[in-house]
Amino acid sequence: MSTAFGQSTVLGYPRIGANRELKKAVEAYWAGAIDATVLERTGATLRAEVWRTLRNARLDAIPSNTFSYYDHMLDTAVAVGAIPHRFARLGLSELDTYFAMARGVDAEPALELTKWFATNYHYLVPEIGPDTVFAPNPAKALREYGEARDLGVTTRPVLVGPATFLLLAKGDEPFARLDDLVDTYVGILASLAEAGVAWVQLDEPGYVADRSPAEIDALRRAYTRLGEATHRPRIFVATYFGDLGDALPALLATPVEAIGLDLVAGPGNLERLAAAGPLRGTTVVAGLVDGHNIWRTDLRAAVTAGATVAGLADHFAVSTSCSLLHVPVDLSVETRLDARLYERLAFARQKVDEVVLLGRALRDGTAHLPAPLPPAPAAWRNDDVRARLAALGPADRQRGGYGERAARQQERLRLPELPTTTIGSFPQTGELRRARAAHRAGTLDDAGYTARMRAEVEHVVRLQEQLGLDVLVHGEPERNDMVQYFGEQLDGFAATEHGWVQSYGSRCVRPPVIYGDVARPAPMTVEWSSYAQSLTGKPVKGMLTGPVTILAWSFVRDDQPLADTADQVALALRDECRDLEAAGIRVIQVDEPALRETLPLRAADHPAYLDWAVGAFRLATAGVADDTQIHTHLCYSEFGDVINAIDALDADVTSIEASRSKMEVLDDLAAIGYRRGVGPGVWDIHSPRVPSLDEVVEALRRAVAAVPARRLWVNPDCGLKTRAYPEVEASLRRLVAAAAEVRNR
Ligand code: GLN
Ligand code: ZN
């Protein structure tokens, strides 16, 4: 049995299959259309395909246990026996218990779902407390290892490491359970060794964020203990998404045999490594190929960085910066991309080739590397946009004073106290989706499509009038997705046909690619908003997606600062705002649900990020007159770290998810002296449940206690597109009634 790590590896590979086979199989299983045996057969086929692909690409260290029916954090919870009692007691099969934790069952809500670091992947949050009983359950890892071995492929099982697992868990002091959990990992490692496993990969990305000295010391102790275990495979601790900081020397002080560093998102790792002194045999696995973006690697630059690492370590290997889970499977199936863009892209399959090439080049020299890419085509440059950006000054991001604006807006809008509104989308019925699909396929012509969408807009407007809402929306029936919709209309964006990436469970997204300068050839939303406005005397909100969210949910060019790309998007939105205004739209909402989610992992990097993120939003919105009311909308997160930024956005009104957290965000806003309008969500739209009148009144009472009524808006937590009409009508009726009741007090 060889003990060398190998010279090339990847930290993980997409598991959904080239045609989203996993999504289809899992959903069929949930729907009762296939049984567990068929689902498991699909899983086995997909796993085998990945191993064969990696072997045929001549990657020499191949991971396993990176497959998952839902999520790898959930898999790790199962591997350490951390199945909360509330699920264990249901008495379901192993597989159904697993899915119950992931999706909930009638009586038992699912584990919480939250973002995996700064990616668009979401993991299930393990529930760990003082009474959690850990017990090693290496069955899945062993099964996958055995399956691969039967195919002639030796693999390295991957698990989330114990420290990160607990750092990401919730409950009563999960991290206090580290010693117990490490004992469980000792048991898992022993079983793996017993089965002949030579290397195991334990992922500890939790340490690229700010960690206390105690947490770093706990990491050192955990891996010292694991390293001292007598019966174990060699341990590879993988880290990714940034700089490891002080955790790097801590890990180097343990007996682990290999450490993985992200040299794409964490360039500081190189200096740390150099400062660490002689590495006494530790293998350094250098993450040189970006696993979080879709651009081809500059192989010559990567060889230079790799050579630096090789000079510091006795043993070293080339890898991806993180798991390839975050990029689409295979570029070669794309048939509609511009050839000049195509040649600059690399998806998971292509990135494996890059890793292999880099490994060879570092051994044999760069003579066999493919020719460097030609410079980006001149046509991707837009000199007008660049000139506009260069000419911007602070005044372009500054509106008049809020007090004056608020007065003028009220004069024009004449809204009651506690105005009611919604966040934008109304239910996306099957019929609407079919109409959009038919239009795309060419079976529904433009006129037919427009007529269909207008009918929907009219229906939504009439419904809102009937319900008595104060500020209306057009309902967004024409939008497949709030980013894709704009990507399809802006220059500098490309859409892929098959570029799916797992978002969570069976849910996949297909992010657009921002490859060139962004510009708006024509208005994007004016037609729909002004049609809606023509139907009613009440104000209709224009509805746009903000620059930060557009970037967060796209693959973004990496040849210029994100700030510049964000400002280009902002200029396009600024023009759209002006056009909406000219068309008689008096209220414009610019959604930024991703503002919090792309916040850097380390606090030291927050100011620079918030500076450009807020700056881009202001650039997008500051071009309108004072009496045009700008709204923004935030959701999906806790807002503590961005609370000042919310104020700095300078929107007239911010609607914000709040119902689950019982309006806490209002206290946070009050604490920083936030003085503008705010619409805390009073109806949790993530569930089909219709809130009772009392609940909404109670939520509003809490809100009125924290915010003066004249600044308070009444709205749901988020858009209604995933809901059905019956619950939407019933809930909105309650919402309007609750506002009236609280108003009359
Ligand atoms: N306007 C969007 C909608 O209502 C906002 C969605 C979001 O915040 N994610 O669907
Ligand atoms: Zn939202």
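All residue numbers here begin at 1 and follow the chain in the order shown.
From the backbone N, Cα and C atoms, a Cβ is placed for every residue, glycine too.
As annotated by TrEMBL, active site, proton donor applies to H686. According to TrEMBL, the 5-methyltetrahydropteroyltri-L-glutamate binding site annotation covers R20, E21, L22, K23, K115, N120, R507, C508, W553, E597. As annotated by TrEMBL, L-methionine binding site applies to I423, G424, S425, E476, D591. Per TrEMBL, the feature L-homocysteine binding site maps to I423, G424, S425, E476, D591. Sequence annotations record features per position, and here TrEMBL assigns domain 'Cobalamin-independent methionine synthase MetE N-terminal' to 8-305. Annotation comment: TrEMBL describes 418-740 as domain 'Cobalamin-independent methionine synthase MetE C-terminal/archaeal'.
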Open item on the list: Suppose the L-homocysteine site is I423, G424, S425, E476, D591. Which further residues of the same chain have a Cβ inside 8 angstroms of that site's Cβ centroid?
Closed with: T422, V473, M482, M543, Q589, H633, C718, G719, L720, K721
Open item on the list: So if I measure Cβ to Cβ from L22 (5-methyltetrahydropteroyltri-L-glutamate binding site) and keep only same-chain residues at least 6 apart in sequence, which ones fall under 8 Å?
Closed with: R15, I16, T42, G43, L46, Y69, S506
Open item on the list: If I take every residue in the domain 'Cobalamin-independent methionine synthase MetE C-terminal/archaeal' (418-740) and average their pLDDT values, what number comes out?
Closed with: 96
Open item on the list: For a quick check of packing: other C-beta atoms within 10 Å of the C-beta of D591 (L-methionine binding site), how many?
Closed with: 25
Task: Spatially closest candidate among K115, S425, D591, the listed binding-site residues, to H686 (active site, proton donor) (Cα to Cα) - done: S425
TODO: For ligand 1, pick out the recorded positions K115, S425, R507, W553, H686 that have a CB under 6 angstroms away from one of its atoms.
DONE: S425
Task: Helix, strand or coil at R507 (5-methyltetrahydropteroyltri-L-glutamate binding site) [DSSP, three-state] - done: strand
Open item on the list: I need the nearest neighbour of E476 (L-methionine binding site) among the binding-site residues R20, R507, W553, using C-alpha distances.
Closed with: W553
Task: Maximum Cα-Cα separation (Å), residues I423, G424, S425, E476, D591 listed as binding L-homocysteine - done: 13
Open item on the list: Just checking a number: largest C-alpha distance across R20, E21, L22, K23, K115, N120, R507, C508, W553, E597 for the 5-methyltetrahydropteroyltri-L-glutamate site, rounded to a whole Å.
Closed with: 29
- [ ] Compare the C-alpha of R20 (5-methyltetrahydropteroyltri-L-glutamate binding site) with the C-alpha of each of the binding-site residues I423, G424, S425, D591, and give the closest one.
- [x] S425
Open item on the list: Within 10 Å of its Cβ, which one of these binding-site residues (K115, R507) has the largest number of other Cβ atoms?
Closed with: K115
